[in-house]
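So TrEMBL has the following annotated:
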| type | residues | note |
| --- | --- | --- |
| REGION | B:1-35 | region 'Disordered' |
| COMPBIAS | B:1-15 | compositional bias 'Polar residues' |
| COMPBIAS | B:25-35 | compositional bias 'Basic and acidic residues' |
| DOMAIN | B:39-539 | domain 'Cytochrome oxidase subunit I profile' |
| TRANSMEM | B:104-133 | transmembrane segment |
| TRANSMEM | B:145-169 | transmembrane segment |
| TRANSMEM | B:189-213 | transmembrane segment |
| TRANSMEM | B:313-333 | transmembrane segment |
| TRANSMEM | B:424-443 | transmembrane segment |
| TRANSMEM | B:455-474 | transmembrane segment |
| TRANSMEM | B:494-518 | transmembrane segment |
| TRANSMEM | B:605-624 | transmembrane segment |
| TRANSMEM | B:630-650 | transmembrane segment |
| DOMAIN | B:683-857 | domain 'Heme-copper oxidase subunit III family profile' |
| TRANSMEM | B:720-746 | transmembrane segment |
| TRANSMEM | B:791-815 | transmembrane segment |
| TRANSMEM | B:836-855 | transmembrane segment |
Amino acid sequence: MAKNRENEEVRTFAEEADSLWLITFACSIWAIHFVVCYGAAAFVCAKWSSNPAVITNMRVGLGIISVLALCAVSYIGWRSWVQWDFLDDYDYEHDLAKEEHRHEFLGHASFLLSVISFIGVIYVSLPILFLETCQ
Amino acid sequence: MTQSTQNRESSSSGVATYPPTEQMLEEKIDKRTQEKTADRLRKAWETPKGWRYWSAVNNSEVGVWYSLTAFFFMMCAGVLALLMRVQLAVPENDFLSADTFNQFFTMHGSAMMFLFAVPMFEAISILVLPALLGARDMPFPRLSAYGYWCFLIGGIFVMGSILFGVAPNSGWFMYPPLATKAEGVGSDIWLLGLSFIEVASIAAAVELIVGVLKCRPPGMRINLMPLYGWYVLVVGGMILFAFPPLIAGDFLFELERSFDWPFFDPERGGDPMLWQHLFWIFGHPEVYIVFLPSIAIAAMVVPTVAQRPIVGYSWIVLSAVGTGFLSFGLWVHHMFTTGLPSISLGFFTAASEAVVIPTGIQLFAFVATLMVGRVKLNLPMLYIAGALAIFTAGGLTGVMLALAPFDWQVHDTYFVVAHLHYTLFGGMVFPLIAGIYYFYPFFTKKQMSVRLGKIAFWLLFTGFHIAFLPMHLTGLMGMPRRVYTYPSTLGWDWLNMISTVGAFIVAVGFLVFTYDLLRPKGKQPYTPRNPYNAGTLEWSHNIPDEAWGSRSIPYITSRYPLWDQEKIVERMDAGRYYLADAPEGKRETLITTVLDAKPIQVMRVTGPAWITICAAIFTGGAFIFPTFHWYPPAIVSGILAIACVLYWLWTSTAPIPEQKTKDAGLGLNLPIYASGPASAGWWGVWITMLGDSTAFASLIFGFFFYWTAKENFVPSGSDFVLASYLVLGVLSFAVTWATLVGARALNRRGSTKTARNLLLVSALFTIAGTALFCLSVVNSGLEPTSHVYPAIIWAIMVWTVVHTAVGLIMLGYCIAGATFGKLTPEHDADLCNVTLYWHFIIITVVVASLVIGLLPRLL
Amino acid sequence: MKNVALISLSCLLLSSCSGVQSVLDTAGKDASVLAHLFWVLLVGAIVLWLLMNGLFFYVTRIEPRELSRRAAEALVIGGGIVFPFILLAGLIAYALSIMPDQRAAGDGVVVRVTGEQWWWRVEYDLGDGSAPIVSANEIRLPVDHRTEIKLGANKVIHSFWVPALAGKMDMFPGRETRMAVEPEKTGIFRGQCAEFCGESHALMAFQTVVLEQDEFEQWLERERQDAVQPTEAVPRQGEQLFVSEGCGACHTIRGTEAQGNLGPDLTHVGSRKSLGAGILPPTAEAFSNWTRHTGAIKPGVKMPSFAHLSDRQIEALGQYLEALK
């Protein structure tokens, strides 16, 4: 019996360890998207700045990557929304010493970070739309 | 967080006795037991008296030294600023010579950043964090003391250079080629002195992170942690990723200065832009490393003033974490005028604007908290309000500057000087003073004067605006930064005069504040225990002061335990909670799990020691002697520093306890010894190596940077690293790693002899691998002074073999441990930590050999 | 306190933007676009500052009735996320949309400027295969024409900045950067090095002279010519001193033996609007003063001072140089 309980604890805990990392996922996607955009632009502009076709291809490629990044952030956002489980109790304070509150808090924080990351990815994609050359 | 961690964590925490029930907590303890245990605890935590006082390592002592030293350096840097303002008060002034002025502005910036802002955050955190968490001390007290002594020695060395007129004079950003070609020792003082301090900062960051993750009181789940803890966690993480690129940059820079390896010399294929990238990858997060802890102070003050819990705890956590991430995507906005492709600038403009959002959320959360509460304005709140007024102005000019085209005009003008002082005064100085007023009763059990505090506030606030508001206009009228003089024909005269007057008003404000801070308050009665009726644990402090931090470590069920948990202080005082006794006379604190703060270990922490000071002095020697190219004493110092550290580790870290477990109170029996992920030391190594890997990644970035930016990188006809040696070297290290992992497993199973023999094999292969790695480059004919390509290969090789050499020393330590009975099947913390270190090193070795061996052949 | 200061600041801005090195008193297309951007940003910033601090003042001082936590949360979402998201997206779009024009190329004569410690080497490349026309410490440009400027540096990093015409661009050793300017007014506009470049960074300025197109072409033609031979006795003595003191080792005066390349070209130095990289007036006295006190006037400068020359000799030298129109 005790053994059983302990196993269950291990399992919930394992899930929670993941959700601590979950906090950083959305921001990490933003960071990867940012590095890819910056790296691609730096590389293409250093090596092929005089070739408009390559630059156009790069912009299209980065546009696709941006859409993918937005999808990924949305997925993280949806997962954290589920974990937050706002609609069951409308709780956004999570200030009690309960497993549930810790669980929902991590979901909530991660959801908010997804929102910020979503905005961040949109912002970082704007230059791809507006700037056509390396100059 | 691996599976085994969780197993260990859950199996070691007793199920039946934790969490404590109300009934258990109600149980009375008789007075005599209370007094007896209190005496024993007091004795264990006693601060050394007389001249031995300086061997103290307790956070309350080290924190005070640390913060006063940082404050002293701030005053020095402030005096430099005043002297510069005198020089600039009138046009064509000759109060200061050009070179003196250049030294002054370089030292003003460097000291404010490296000797004040970052150390001050660490100092305040060392002081208050354990109390916020109801912990006894930081997890590695001797490491804090070592960090402090390093900071003191390095700070005096760097700051003192100004008295001899040999201070660095190329700006706090040290752009090559100006700084690499600068004559004299100034640049070396900057590079080596500040690298030394950066290492100490990283050490403190590691300790703070471990403190927040592992030393919380039982029951303080991650959703109940004080916001200050969240900020410390984020800032610690940022230091870990922001400082290493600068350290890598310093490494390359000093190799160029000392050995003429041309990393930043365009004539031999180098590129000064690489330094700018590395410097600002550090430099911009640095701004937030300075800003976030101050916001953290506001996050403590605001709920107290509103007498309500903070509104949007999750929001603030989000903004701290979000700012931490986004701040790494802004660095190029310091390089908008370097002619980078406009599309690249666009990304950084976008990210720089995005970071406004989390910052705005933070501010709105404070406003919202004040709106739901009944505000009782007090002195700390006055400073927070002043900070908000200043910071929002600085933030809004920041929004302007983040737009690349606007920056093209005002970059490197007084507009930027105004902007950065607005953000730093509003985002650092004012909240810090608020924090000092707020926590003063906690630090000293006395109070500062409200009247003087208000006078100081109005002097600082008005003086600040008089000094810095006109600078916006000065900049727009075309005055560049860092000019020691200016002609009178450009309309800058009166603006500069006003700024100088303002600067002196600020100085008077600081004098009033300093007087109030330092004046003796012996006759003043003690302050009430919780003067502001705050809700967080630090206000359960003992009056008069006790060195034990917390009489007993409480069980926490709320974000504001002093508001919500009735009788908590009374019970803490009565020793009703955990670790109320020290029967063995040892210093102990509780280690808990990361998420739910279940108690899992009673950790013995170290007490007063001189060895930390010796280690700091010799480490200082190893950094300071090379400034003057005195290499033999530097090497001797380095060896002595290593010897000191080894002695310190051997005699005091993770000693084998006299008993396996002990009664922590409330029927909880916890192990005393822990190894692997359950121990704080393992986390310390893990976090340190994360920082170390970042520095290594920065070097590798350098290689790719040269490849991208330079037409002819890997110049045609160059030699390559010798493949045979390199492959053999990597294989040797693979053997090292495999035997080490094997040794750890065997040791755990009880075959200590075999394990020791395997460790010996491991050490031998490390020697072989290191030698082969060196030879693969040394014998290849690559001449590091000839071109940047061989130079970067040499640099990566040197970096790698230094790490494997350190790994060798660690293996030797384990072999000695196995020989002298310090390393046993149950007590293998050292071996676990060394294995962890080697996990990182084997990755370093593989990546390094791919980059130096394979890539040049492909490109 | 702060509000009053801000309002008075904007009044001051309006009245005092007549400096010759001001971002707000523009004479070039790029600079005027940026000045416009600034005014938009300034108005926005003042409004937002007042809103934010007014709100804070209201909650701490006026003590409104307590807000529900739900309403407070709405305040954070609205003020912290929705509003800034829209506003900042607009700003980014605005800024990005003006960048391509700012970076557009120029045509016609290419001006090549090289940053030295602490002066400016200037070359006009006519693009017709002829050797570039070398000058120093002054740039002349035709009005209403977009001129390409190529930037480089010798030794250390500098930054090229004429606030009235356009934003700045850094100058690197071993790397060419570029910009273009499009003056809309004739006149003289001061520029200054904006990247810290060593001891006398403060003393590295220059004048930009914007001329009508035909005047510019005439000037260019004159600038191409060799130096004029002095006719009067005193300047002739100065010319001899220039040779005998070895000035030609560092300076070039085309049409004479002086062919040095370390210091500024002096072929037409007397026709420039300033001396010593924008720090002295172009008078014979200033020439003499400079020659005698180089290190005192510009700390760390490489040119030695010729204090051993007699007053008469110094004067002759000054007159010679001043006559190099």
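Heads up, the Cβ atoms here are built off N, Cα and C, so glycines get one too.
Annotations in TrEMBL come from automatic prediction, not curation.
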So, by DSSP, how many helix, strand and coil residues make up the compositional bias 'Basic and acidic residues' (B:25-35)?
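The composition, in the requested order, is 7 helix, 0 strand, 4 coil.
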Which of B:455-474, B:494-518, B:630-650 has the most Cβ pairs closer than 8 Å to the transmembrane segment (B:605-624)?
B:630-650
By Cβ distance under 8 Å, which residues at least 6 away from the ends of the compositional bias 'Basic and acidic residues' (B:25-35) in the same chain are close to it?
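Same-chain contacts beyond the ends: 555, 567, 571, 574-577, 666.
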Considering only Cβ pairs under 8 Å, which range in B:104-133, B:189-213, B:494-518, B:630-650 makes the most contacts with the transmembrane segment (B:424-443)?
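Result: B:104-133.
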Six or more residues beyond either end and a Cβ under 8 Å away: which residues meet both conditions relative to the transmembrane segment (B:104-133)?
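Sequence-distant neighbours of the transmembrane segment (B:104-133): 59-60, 62-64, 66-67, 69-71, 73-74, 76-77, 80-81, 83-84, 96, 144, 147, 151, 155, 158-159, 161-162, 167-173, 186, 190, 194, 197-198, 201, 204-205, 207-208, 211-212, 215-217, 220, 226, 228-229, 232, 235, 239, 286, 289-290, 293-294, 297, 424, 428, 432, 435, 439, 442-443, 482, 536-538, 541, 549-550.
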